[in-house]
């Protein structure tokens, strides 16, 4: 049986066993083994071996006794915990399934920080001198199994440094990113080893689970292997090994939001250790915890360990890693400030590649991005193609939201990005998968970009985020657009941006309506504000060093962006007009359709269209009510139903559109003149009776997607995802944009700082005899480090369980929902009454045959009712006057008596109202704000047939005209 490769298809348990230990004759136990295998489950994960896994002799520098040499990892099953972790199988499985919703993982993580009081023996201590008396930077030995996984060709190389593969370096940064400099005592290993950094790959993280993090990290390490394995590259094969020119940097945005299982994953490959972080140093709060290690280990998204195998060309090379764990959540822009202003300032990389946790770079994608910069010295930024993660067998396209987003990504990469790349200005390089030349963004681009950092608000004053108006704050929600514009407009330079098709990345997308709406709210508001910013500051382009040809195309692109912005602004009306016009053209009998309504006939089609159009407006009105008063997560049902309704309307409109086009062609509209030259053909093509305009509209709306995808040799999304995109075109405006604009005031990115760092120990310095500051720290033996590492590996490699999100509605959301339902019921009930009385469509259906009689009959009971209830809402009806205790009928009767108080108050009420007669026979005319009943119109009272007049102090004089004011 041959040596297993690191990518063989094993279960997670088999992978763990074959990855870290020598082959065992006994099978690897899995979850749920019988009691007959208890003796195997009592074994420890760490076992002795006389040789390292790669077959070379290597003595552990930290252990002098022979009894603790040559540890490798062996997986006897998930229940085999060594002291001091005596946890049961059930407890461990529960721990693997818990998420941050319950807080159990956070509590368990807090207990692992520092030394337990119940330790079996007292550890020794060691003294650690502070760099320049203030910077805590210390090396910690990594577990023996991690050391042994390094291949001897790297470990024993002449240029190798002793502690690079044996120790993890920890630095407690108690400063701002701008102060993380060599002068202040801070440094990084690649700079300490005097290595040139060509490529700095940054992964920004917020709260992604260990599966998404492993997808990204393992994909990056595979891409590093692609670069290292280049045989014909002159650049990468000179000046030292290629892997020494690449640094991978992970920036985690806060201790509290991060998934603690992800920290276990990083500890498994040697980049992190529990119990070494310090909350503060001499009272100075730690801002970021920085870990450094060079590893050859990786974990796949299916929790399979990957380590080097002897003489296997697919082995992963050593990867220099920097792990920055910020103590508090301070948003993504601050993470980039640590990357560019702290780490990049020391490493001085040529190219910086930005990735989000969850984005998996494709094969040789990072190499393709780097080659674009290497071959074009004026290239300042680039991006690759991002597509949605579709799952095994593309099963995720069955979800309409995922399919629509996949189609949107594809069309953007086929139509938008190549066009903008040809102009030299890609309006947005997505932060999830992009690259920049570091010296191109230095200076003003980064200065403007970091104005959105909340931690700089006090220092920047009015120029900071707290001094900005709401427009600028929204602009920094799309911070990548700001950086792109500032880079192209950089004074004195001619940097341009491009799109690299060969570079592909796969990212996870929202699968539910609430998450999708919340994400697009930030994107839409940020992109709208950033687009206005780039248009308003376009004049700065003239200070750049671009050529005349480039300037010409940049002007063309600006005009294009202006038109696109205008269309976006009026898109709400455009979709409504398109929907209603198509319904009227097809569903209303007229001369245009030969007096034949479709699809339900001449009588039913107008009625159906009436309900569809009014339903469209009602659901659109619902979006404003929901957006102004509710959270998407608190109103999942309402938003889901809204998506469904607009999709059904769009489906109906699409059917009507294709019928309209087909009917136009079948009715002789294809009668083009091919016989009398080009002029007559164009005249017949664009004539009002020809089908050319209809054909152009159809092709420009739908055909362009198909044609462009086929020309691009990438048509599969047309077959798998176009249906969801076309059905969801209306929802992108009526739901997403309404919610975004109604929440323009919301510029939040997430939660602010947390107090979860309180569990970390503090570092207090002491004075030595030479007056140098030092701290005294526990010195753990290598055996204890290896023993505790067992539990870490088990937690990291436990099968991932989807957390069960709490679906209960909070009290605040329930109050908001009740308010929304009350307002909607109030609006709809009043609207229904108005429609029943005034709508022609309703009267044609069931109310009356003649419109005039129908309207009057419906309004006839309303007037007496309103007049009868009106006194209850007036001062007279509140009991404040002499007639307050009278009934409405008594007060109306008393109004006939001249000189009475009530009579004066109601002297202008016509006699017909007193007698409760109907006014539908009266013809009313007005002049100068006065209305009078014309002669000959019966009032049904004693003065019937005679002109009536009330003049305030007049009695019932039947021969005079009665004015009603």
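The backbone N, Cα and C atoms fix where each Cβ goes, glycine too.
According to TrEMBL, the compositional bias 'Polar residues' annotation covers 1-10, 42-66. Among the features that TrEMBL reports, compositional bias 'Low complexity' is placed at 11-23. As annotated by TrEMBL, compositional bias 'Basic and acidic residues' applies to 32-41. What TrEMBL lists as domain 'Chitin synthase N-terminal' is 125-198. According to TrEMBL, the feature region 'Disordered' maps to 1-67, 870-904, 926-965. Here TrEMBL flags 523-542, 563-587, 607-629, 641-665, 685-711, 723-741, 823-842 as transmembrane segment.
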The transmembrane segment (641-665) versus listed stretches 607-629, 723-741, 823-842: most Cβ pairs under 8 Å: 723-741
Stretch of maximal Cβ-Cβ contact with the transmembrane segment (823-842) [cut-off: under 8 Å; candidates 523-542, 563-587, 607-629, 723-741]: 607-629
Residue numbers, six or more beyond the limits of the transmembrane segment (607-629), whose CB comes under 8 Å of its CB atoms: 576, 579-580, 583-584, 587-588, 600, 635, 638-639, 642, 645-646, 649, 652, 734-735, 738-739, 742-743, 816, 819-820, 823-824, 827-828, 831, 835, 839, 841, 844-845
Residues of the parent chain within Cβ reach of the transmembrane segment (523-542), under 8 Å, 6 or more residues beyond its termini: 427-428, 471-472, 474-479, 481-482, 485, 488-489, 491, 551, 554, 558, 561-562, 565, 568, 736-737, 740-741, 743-744
Averaged pLDDT, computed only over the residues in the domain 'Chitin synthase N-terminal' (125-198): 92
DSSP residue counts for the domain 'Chitin synthase N-terminal' (125-198), split into helix, strand and coil: 19 helix, 20 strand, 35 coil
